[in-house]
Amino acid sequence: MISILFTSLIWLAIPPLYETNIWIIIVSFICQEITRYLFFRLLLLLERTINYHSRLGQRQSEIHYIKGTLASGLGFGVGYVLVMNTGLLTKAAGPGDLEASGCSMSLFVLNSFNAQIFGLLNVAWTMIMFIVLKQHKYKYGQTREKQILKLKVIISLVSHFAASCITMIDNCTVTLILLYLLLICICTLAVYITFGHIKGKKDEFSTIIQDRIPLRINDLNSGKKSKEKNKKNEKEKVKEKTDSSSSTTVSESESN
């Protein structure tokens with residue numbers, strides 16, 4: 001909603017934007033992606049703060065990043081849908097129906113389809129952006145994995161701009177078909193990236209466990225060895241005391 005507010009202010013401040021739709025689409029696209037990135041930075045800051053205070057309390061507590069990303073995407077999607085339908089709801093209160101240009105479909109039905117598509121797309125774009133940016137943050141150098149992560153971000157940005165441009169097509173049937181195809185592709189990519197992130201976390205966790213188990217076994221073995229050594233030392237001390245006491249008794253008897 002903040003990005004849409006900034007877009008509206010820019011649209012009001014620059015009168016030439018009134019004449020062409022492409023410029024307002026470009027401005028809206030840039031504002032939305034900048035806001036998405038700033039929200040990602042805010043989420044990282046909150047995660048670091050929570051982890052810091054958890055360590056002070058001797059308790060490790062991490063934000064479930066997938067849930068946080070999904071909640072952020074839903075926030076973007078719901079905000080977009082609310083802003084998109086607010087102006088149209090005032091017209092729905094009046095008598096009659098509004099017909100969409102380019103097809104015989106009702107404008108309210110067409111707008112509901114668009115709201116559904118862009119709401120889900122905002123969820124997918126946010127999940128792709130947040131997960132990929134976090135993975136990119138912890139990879140150093142110009143590795144192949146880092147280049148693939150950059151490509152995923154570019155795909156997300158290009159698909160967002162393409163979806164905005166598709167809405168300029170006059171034929172609403174073609175528009176909906178293209179938008180649904182784009183939605184399927186982007187949601188598939190988001191699911192693939194999400195499950196890849198979860199699998200990577202599980203592999204990392206299993207590696208940590210595998211590294212710690214031998215250390216734990218070694219600690220147990222060393223503990224057993226130390227106990228056996230202590231018992232052996234105690235037996236030797238008892239034996240020495242017994243020998244010394246017996247030798248003392250023998251010497252006393254001989255002296256007598």
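Cβ coordinates come from backbone N, Cα and C, glycine included.
Residues or ranges marked as transmembrane segment in TrEMBL: 20-44 (among others). Proximity of distant same-chain residues to the transmembrane segment (20-44), defined by a Cβ-Cβ separation under 8 Å and at least 6 residues beyond the stretch ends, is recorded for 2-4, 6-7, 10-11, 68-69, 72, 76, 125-126, 129-130, 133-134, 137, 157, 160-161, 164-165, 168.
According to TrEMBL, the transmembrane segment annotation covers 65-83 (among others).
Residues annotated as transmembrane segment in TrEMBL: 115-133 (among others).
If you look up TrEMBL, you'll see 153-169 (among others) marked as transmembrane segment. Non-local neighbours of the transmembrane segment (153-169) in the same chain are 21-22, 25-26, 28-29, 32-33, 102, 114, 117-118, 121, 125, 128-129, 132-133, 136, 175, 178-179, 182, 185-186, 189; each lies 6+ residues outside the stretch with a CB under 8 Å from one of its CB atoms.
Sequence annotations record features per position, and here TrEMBL assigns transmembrane segment to 175-195 (among others).
Summarising the annotation, TrEMBL assigns region 'Disordered' to 220-256.
What TrEMBL lists as compositional bias 'Basic and acidic residues' is 231-243.
Per TrEMBL, compositional bias 'Low complexity' is recorded for 244-256.
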